[in-house]
Amino acid sequence: MERTLAIIKPDAFAAGHAGGILARIYEEGFRVIGMKKLALSEKQAAGFYYVHEGKPFFDDLKGFMSSGPCVVMVLEADGAIRKWRDLMGATNPADAAAGTLRKEFGTSLGRNAVHGSDAPETAAFEVGYFFAGLDLL
């Protein structure tokens, strides 16, 4: 079984889509082994997205991710990283396939509803950023 980090971002949370996104996660056969609702500070958002530091969108990303509550989760499934990325859809909701979370719940490139780890190394860092080993079922 593989693990990946998933985030329901502040835009989707504020719009009341957390329940619909969680329902899809369970429907697709993921096991949620850790979940927290939290509000990130700009410093926490910067630490999480440190790989984007220096890029033109970094300040907007920090501001957005600290703009309201979000839900962070650890998902477990066979091939969890690819499976979650497929369910999320393309980064830009305008380019996302029908039936994906970003197509259904995202509104723009910067407000695309969900986040997911892109590789095993990234998943290990991201899961560890929000969860200690004892936090996971």
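From the backbone N, Cα and C atoms, a Cβ is placed for every residue, glycine too.
What you see is a predicted model, and the numbers here were worked out from it, not measured in a lab.
What Swiss-Prot says about this protein:
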- LYS9, PHE57, ARG85, THR91, ARG102, ASN112: ATP binding site (BINDING)
- HIS115: active site, pros-phosphohistidine intermediate (ACT_SITE)
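In this structure, the C-alpha atom of THR91 (ATP binding site) lies 9 angstrom from that of HIS115 (active site, pros-phosphohistidine intermediate).
Across LYS9, PHE57, ARG85, THR91, ARG102, ASN112, which the record gives as binding ATP, the greatest C-alpha separation is 21 Å.
Reduced to three states, the DSSP call for HIS115 (active site, pros-phosphohistidine intermediate) is strand. Counting every protein chain shown, 24 other Cβ atoms lie within 10 Å of the Cβ of ASN112 (ATP binding site). Rounded to a whole number, the C-alpha distance linking ARG85 (ATP binding site) with the residue listed as 'active site, pros-phosphohistidine intermediate' is 9 angstrom.
Put simply, HIS115 (active site, pros-phosphohistidine intermediate) is 16 Å from PHE57 (ATP binding site) when counted between their Cα atoms. Non-local contacts of HIS115 (active site, pros-phosphohistidine intermediate) by the CB criterion (under 8 A, 6+ apart in sequence, same chain) comprise LEU5, ALA6, ILE7, LYS9. Residue density at ARG85 (ATP binding site): 18 other Cβ atoms are found within 10 A of its Cβ, drawing on all protein chains shown.
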